Amino acid sequence: AKCQCKVVPRERTNCGYPGISAAECKKIGCCFNASVPSVPWCYNPKPKKVKKVCPNDPYTRINCGYPGIKPRECTRKGCCFRAHPAGVPWCFYHRVMEE
């Protein structure tokens, strides 16, 4: 993603070798910007921002508990709890979404 390459020049961390080409730099998953002298031109992208969400579709839930688990036990395990509908896990794992 382009926004992952918006790194302040002084905060760039080198990702490559001296004299690396833009194409070679991008091929190894790094960002390339040669507009600022004396900072790395081939540098590491910013990490993706992710957030945990409880999936809305009850049929995609992945079980995180056991039959009869209490809401408090479920959330203590770091999982989502929704006591409906019948026939699907009520205690289930988060999904990780990119922001």
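Heads up, residue numbers simply count up from 1 along the chain you see.
Quick reminder: no glycine exception, Cβ is built from N, Cα and C everywhere.
The feature domain 'P-type' is assigned by TrEMBL to 1-46, 52-95. The disulfide bond annotation in TrEMBL covers C15-C30, C25-C42, C54-C80, C64-C79, C74-C91.
Known features from TrEMBL, placed on the structure.
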{"residue": "C15", "record": "disulfide bond", "Cβ contacts under 8 Å, 6 or more apart": "C25, I28, C30, C31, P40, C42, Y43, N44"}
{"residue": "C54", "record": "disulfide bond", "Cβ contacts under 8 Å, 6 or more apart": "C80, R82, F92, H94, R95"}
{"residue": "C64", "record": "disulfide bond", "Cβ contacts under 8 Å, 6 or more apart": "C74, K77, C79, C80, P89, C91, F92, Y93"}
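Using a 10 Å Cβ-Cβ cutoff, C91 (disulfide bond) registers 23 neighbours. Mean pLDDT for the domain 'P-type' (52-95) in the predicted structure: 94.
There are 23 other CB atoms within 10 A of the CB of C42 (disulfide bond), with all protein chains counted.
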